[in-house]
């Protein structure tokens, strides 16, 4: 289970720039496709062997240029509740504002480590100006320039030194860990209640060592697994779940703690931007996926044509990853809910599936010979050998060739698709690595 670091601060202090600098991406700023524009608010950072999730909580506020005090307060409260370390970003050029002081006042009362990041210190002459930030009472300000990267490496050193030691969840049995995720009112609580029902003797709540993690052991109908919850679904109910960034941030720990995620969609509303954001978290964490279209009892026309229409629309929105099961259920009437668990178990088993090396080469090499990678400057790229890496959390295949650097993503997708056509990896991501032979 990874740690979470949250970036907070008023608008225009450089939170998104810092986020892009630390995660090494410019993904959402460069690529403003519908449904992906909020992707930049969540990323993975690895530094000196330590990994953490980084969240720009301010990015979840709509029209963040015109943020009101109330929205900033909400943003900070979310960070306090969810994060292990908080980066409080301020602007060394403009100094302290009333809004900065209000944020600092809230942060002083919280029990999380806070690092004051004095941004826009683009040259060393500006560093002395950061002394006024001592008045926050939150310790020594850390001068950086997110725009040119000055001192951001030192900031990362400071962050990883401040992170709490990761505690490993020790569960009594090695069982699939299944998370029910989705935006508010998609039916998460209803599905969990349908699974658990009144038979409280069939479940055992195991408090995780990580804050707010709860593993509910489920054994019924011959199925055994842990239901992963971070107290966001059953314990806290609908408190603040109307806030999009709140429910998505809340999903992060649940997803990171799971093997397979059941993404709940509302049949009456189709697939929306918030569904896309949560799907993006599943993809980035390389978890197994089952998509459930809930509230199917409310749809009058349940013909195969309508089912096909829903299925096509979902796969188009979630492309390029389309090899996942889609189930049409009703948590309220308990229609097909057992199928959800059975399918999640199949996806879990696909994650640990191994293909014998001899069979892999026997099937894939003739395909590659018929459809070789594009030549580079007249040089032919020859893939000579394929193997699957030893069991990990994600099935991973290595293709050995003479010019690995010239095999691009479209051809890697082609290889992945051919593997999926020949072996059942439904619901699980696949890693494709190209190495020099």
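A Cβ is built for glycine as well, from the same backbone N, Cα and C atoms used for every other residue.
Annotated domain 'EngA-type G 1' per Swiss-Prot: 3-167, in sequence order. Marked as GTP 1 binding site by Swiss-Prot on the basis of sequence analysis: 9-16, 56-60, 119-122. Look at Swiss-Prot and you will find 176-352 tagged as domain 'EngA-type G 2'. Feature annotation from Swiss-Prot assigns GTP 2 binding site to 182-189, 229-233, 294-297; the stated evidence is sequence analysis. The domain 'KH-like' feature in Swiss-Prot is assigned to 353-437; the stated evidence is sequence analysis.
Across the domain 'KH-like' (353-437), DSSP helix (H, G, I), strand (E, B) and coil residues number 31 helix, 20 strand, 34 coil. Looking only at other Cβ atoms within 10 Å, the busiest spot among the binding-site residues 15, 188 turns out to be 188. A 10 Å cutoff on Cβ-Cβ distances gives residue 185 (GTP 2 binding site) a total of 17 other Cβ atoms nearby, all chains included.
The Cβ neighbour count for residue 182 (GTP 2 binding site), using a 10 Å radius over every protein chain in view, is 25. A simple way to gauge crowding: the CB of residue 121 (GTP 1 binding site) has 24 other CB atoms within 10 angstroms, across all the protein chains here. Cβ neighbours within 10 Å of residue 9 (GTP 1 binding site), excluding its own Cβ and spanning all shown chains: 27. Residue 182 (GTP 2 binding site) has 57 as its nearest neighbour among the binding-site residues 12, 15, 57, 121, going by CA to CA distance. The secondary structure of residue 182 (GTP 2 binding site), as reduced to three states from DSSP, is extended strand. A C-beta separation below 8 Å, combined with a sequence spacing of at least six in one chain, links residue 296 (GTP 2 binding site) to 267, 302, 328, 329, 330, 335. Local packing around the binding-site residues 12, 57 was summarised as the count of other Cβ atoms within 10 Å of each Cβ; on this measure the leading residue is 57.
On the 0 to 100 pLDDT scale, the domain 'EngA-type G 2' (176-352) averages 80 in the predicted structure.
In space, 57 is the closest of the binding-site residues 9, 15, 57, 121 to residue 185 (GTP 2 binding site), judged by Cα positions. You'll find the Cα of residue 12 (GTP 1 binding site) roughly 36 Å from the Cα of residue 188 (GTP 2 binding site). According to DSSP, residue 296 (GTP 2 binding site) sits within a helical segment.
Under the DSSP three-state reduction, residue 9 (GTP 1 binding site) is assigned to coil, being neither helix nor strand.
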